[in-house]
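A.B. asks: Take a look at the following structure, please.
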Amino acid sequence: MAWRLWTTQVDEVDLVENGVYEEHQSRAGANGTGPGSLMDPLEDPVPGLGTYEDFNTIDWVREKSKDRDRHREITKNSRRSTAALLHSISDAFSGWLLMLLVGLMAGALAGGIDIAAHWLTDMKEGICLDGFWFSHEHCCWKSSETTFKDRDRCPQWQTWGELITGTSEGAFSYILNYLIYIVWALFFAFLAVTLVRAFAPYACGSGIPEIKTILSGFIIRGYLGKWTLITKTVTLVLAVSSGLSLGKEGPLVHVACCCANILCHLFTKYRKNEAKRREVLSAAAAVGVSVAFGAPIGGVLFSLEEVSYYFPLKTLWRSFFAALVAAFTLRSINPFGNSRLVLFYVEFHAPWHLVELVPFIFLGIFGGLWGALFIKANIAWCRIRKTTRLGRYPIVEVLAVTAVTALVAYPNSYTRMSGAELISELFNDCSLLDSSQLCGYLQPANISETGIGNSLADRPAGPGLFTALWQLALALLFKMLITVVTFGMKVPSGLFIPSMAVGAIAGRLLGVGMEQLAYYNHDGLIFKGWCTPEADCITPGLYAMVGAAACLGGVTRMTVSLVVIMFELTGGLEYIVPLMAAAMTSKWVADAFGREGIYEAHIRLNGYPFLEPKEEFEHSSLAVDVMRPRRSDPPLAVLTQDSMTVGGVEALVESTRYSGFPVVVSQESPRLVGFVLRRDLLISIDNARKRQDGVVGASLVVFSEHPPAQAPDGPPPLRLRGIMDLSPFTVTDHTPMDITVDIFRKLGLRQCLVTHNGRLLGIITKKDILKHMAQIANRDPDSILFN
């Protein structure tokens with residue numbers, strides 16, 4: 001009986017049909033040493049062995065084993081000479097040097113992005129007469145002609161209407177400013193989408209779903225390359241400046257990972273080992289959040305909780321160091337111009353009270369509901385974009401959304417300002433020197449003007465505050481709707497700032513409502529005892545901060561890292577408990593409608609082979625239920641250890657589209673010997689034909705340690721034991737699938753062989769597991785596109 005086995009299938013690309021076979025031949029010829037004696041890949045390494053094709057999954061176990069062998073060799077050689085000892089020391093410190101370079105490069109790029117985005121955003125509204133390269137804030141820094149009421153206005157800064165008509169008043173000047181605002185927004189958006197489409201299609205989106213998938217071991221060539229880095233850096237500035245409802249914080253994680261991937265090529269240890277490179281990329285993800293928010297500790301926790309698949313203790317230390325270097329670099333550049341690292345610095349003077357946990361929990365409920373609704377709506381819209389004609393016209397889509405956004409946003413001051421400015425305004429605590437419209441309270445004559453510190457006691461709302469509340473309510477509806485269609489377009493687009501803006505608006509509205517309730521009912525049962533008439537009882541800015549955390553947690557399902565990022569972001573260390581309560585409530589509520597966060601949902605939408613570590617496998621199936629071949633599957637031949645010829649192996653490879661082959665003793669005795677990757681097999685045979693005399697189609701391919709006896713006049717055998725994995729992971733056919741899934745997750749396997757009493761039955765790949773899990777969840781198993 002012939003034993004036939006299922007092997008790992010490459011869905012996207014057939015190596016032979018697409019010319020990769022010839023590419024291997026040319027590379028082998030270029031690197032070969034000419035005809036020679038019997039070749040063994042174990043003793044005479046062949047260039048290209050151990051590498052992976054695009055859209056394939058790496059073998060974590062093999063990569064870690066390679067690194068251990070390399071480290072042992074360096075340690076052994078270090079005892080022989082001073083040069084080898086110095087090489088050993090430099091190898092040990094290369095990781096720290098790489099982290100230093102990643103932090104410096106990412107911090108410098110983030111500072112440049114912040115400054116450029118601020119400048120271009122202000123250019124939509126006006127220009128500085130002292131120098132067009134100055135932003136609005138920098139233009140008015142040295143001016144002595146600003147007033148308390150109009151502290152953001154100075155003669156050096158003029159709006160476009162004022163520059164053209166000579167006056168800032170009147171309908172004509174307003175309409176002119178309105179039109180120029182829309183034109184600039186469309187111009188920036190058009191440049192962004194055109195550059196992405198022309199130079200680096202991978203530069204669109206936030207990049208975090210793909211980063212998560214790459215860190216799990218998947219290979220996407222070019223996603224972290226130099227062209228993607230350059231294009232994403234430039235287009236991120238343009239996309240943010242266009243006024244679209246997006247942020248730069250998520251894409252900065254992608255930018256930092258691009259920096260790390262490029263710098264890895266300077267060090268052999270990381271250039272030649274995919275697993276080691278992913279440790280560096282995990283640290284780079286922490287760097288991205290560190291420079292995005294000025295939150296280095298939160299960045300490390302974000303990488304650990306949300307992004308990384310494999311996060312050893314050594315990576316934790318190096319992530320901390322890289323985030324520190326990046327934060328120091330950003331602080332040295334000082335892009336915010338306030339000598340502070342954090343994006344939104346707040347100083348709340350009034351303490352929070354136990355009763356306020358109730359509205360904080362309500363904000364958590366709102367954040368969870370919004371997160372669940374947003375994920376479902378955004379995924380539905382992205383699916384429409386992928387399956388209809390809309391996806392063929394990304395430039396038209398981006399320009400249409402930009403036009404609607406600019407048209408609706410300009411009349412409302414809270415939608416016209418950038419997301420970061422809006423959140424900073426909503427976090428603000430009204431003080432004696434504050435002229436913000438959100439501080440438009442009435443000041444009763446019998447209330448002290450001192451309050452607590454620099455803050456004022458609770459006061460009745462005035463006309464200015466009522467106007468601001470109506471504008472905020474409209475801004476909330478607009479932000480909720482427009483963010484759904486914006487995220488996922490073909491421009492760099494982050495989700496942190498839009499989600500926080502939605503939550504901050506809702507929190508500020510609730511905070512003002514609570515403030516007015518406390519003012520008019522300070523003798524009531526709830527407020528009596530801690531809310532006196534001359535006290536600052538309620539802090540609306542705190543509610544905005546809690547709401548921002550709740551909505552961001554509902555969308556991303558972050559918890560620990562979110563709380564740390566928020567208190568690093570704002571400096572509000574004493575408000576950890578409200579933030580924790582809102583974040584956990586938000587996660588619980590959102591999980592009730594679906595356990596996937598926005599990034600996991602986009603991973604599933606794109607069909608990436610990602611095994612979510614947080615997802616539990618609760619089905620009672622066995623390995624034999626999932627393995628290939630199934631009864632309806634076509635049988636596929638395996639390799640035997642010493643009875644197949646070169647011609648037979650090549651015929652098998654050319655007639656299949658599989659990326660690996662199990663090796664058995666013989667067709668009659670299907671006991672497992674090892675596993676050989678298709679790519680390694682092709683490269684080895686190609687090189688052997690050029691480097692070894694007498695290799696023809698009739699030459700025997702030998703995977704055993706001792707080749708069988710050959711006829712004296714026969715061709716020499718081709719020994720390929722060196723490319724075979726002698727210890728492939730195996731499970732028995734009765735192994736529960738929950739244990740098998742855990743093995744795949746924790747060891748990072750790409751395939752696992754199934755045996756019964758030592759006889760080979762089949763194979764389980766990561767794609768097989770993902771398809772099985774999709775069937776259990778009543779999803780389309782064919783949505784898993786890659787392997």
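Including glycine, each Cβ sits where the backbone N, Cα and C put it.
Bear in mind that the values here come from a model prediction, so they are computed numbers and not experimental data.
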A.B. asks: Among 354-373, 574-593, indicate the range for which TrEMBL gives the feature transmembrane segment.
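C.D. replies: Here TrEMBL associates transmembrane segment with the stretch 354-373.
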A.B. asks: If TrEMBL is the reference, give me the range from 495-512, 549-566 marked as transmembrane segment.
C.D. replies: 495-512
A.B. asks: Considering only the recorded stretches 178-203, 280-304, 354-373, 468-489, 495-512, state which has the highest number of Cβ pairs under 8 Å to the transmembrane segment (393-410).
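C.D. replies: Of the candidates 178-203, 280-304, 354-373, 468-489, 495-512, 178-203 scores highest.
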A.B. asks: Excluding the flanking five residues on each side, which residues at least 6 beyond the ends of the transmembrane segment (354-373) place their CB within less than 8 Å of a CB in that stretch?
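C.D. replies: For the transmembrane segment (354-373), the nonlocal Cβ contacts are 480, 499, 502-503, 506-507, 510, 514, 526-527, 538, 543, 546-547, 549-557, 577-578, 581-594, 597-598.
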A.B. asks: Do any residues, 6 or more residues outside the transmembrane segment (280-304), come within under 8 Å Cβ-to-Cβ of it, and if so which ones?
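C.D. replies: Same-chain contacts beyond the ends: 95, 98-99, 102-103, 106-107, 109-111, 211, 214-215, 224, 248-250, 252-257, 259-261, 264, 270, 310-311, 315-316, 318-320, 322-324, 326-327, 329-331, 340-343, 496, 558, 560-562, 564-566, 568-569.
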A.B. asks: Do you know the DSSP helix, strand and coil residue counts for the domain 'CBS' (627-691)?
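C.D. replies: Counts, helix then strand then coil: 23 helix, 19 strand, 23 coil.
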